[in-house]
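One structure is given below, encoded as structure tokens.
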């Protein structure tokens, strides 16, 4: 007779194998896009620009994680790179949400903090987050590069960005796992390019 731990062991194996499968499919379909995103980030930093990142829920946490890798470091000892997660200042978030509605929570910050030559990275597993799409519109209007991290076919986000990583899955957890893996790969390419020249 199987014990509860046996069924959990099988479940753990299935979940990790599912994550590996989505990563494998991402490699097959998105590797050139990942390189293109990394090259655009390098270009942004070389020209004196900064990254602004946004997302909701788990994607907000990913925005903060990615910003931390650039500002602190990823693997190499080097000077910090300018990256700001637009998800962290509760006074700003609540003021904008209260005065303008939540849909404008990131767009208003992009308008205030962004400059031509900067890049805005919007993270939305569904590709239909109104607040992220509004931020991308504000970025384009302000002369900034735009990158989306999303899932499946990209939702409507894909229509509002210059480059879009579309993880081939509809499972939110799997998409988020790939997003942070890709972000680490992008950080590695940026560090190798800017600090090993």
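Glycine too: its Cβ is placed from the backbone N, Cα and C atoms.
What you see is a predicted model, and the numbers here were worked out from it, not measured in a lab.
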Same-site Zn(2+) binder from 170, 184, given that Swiss-Prot records 65, 69, 176: 184
Candidate with sparsest Cβ neighbourhood (10 Å radius) among 98, 124, 126, 176, the listed binding-site residues: 98
Residue 56 (substrate binding site): nearby binding-site residues from 65, 69, 184, Cα cut-off 10 Å: none
Packing count at residue 65 (Zn(2+) binding site) (other Cβ atoms within 10 Å of its Cβ): 15
Output field, Zn(2+) shell: CB within 8 Å of site CB centroid, site 65, 69, 176, 184 dropped: 62, 66, 179, 180, 181, 183, 187
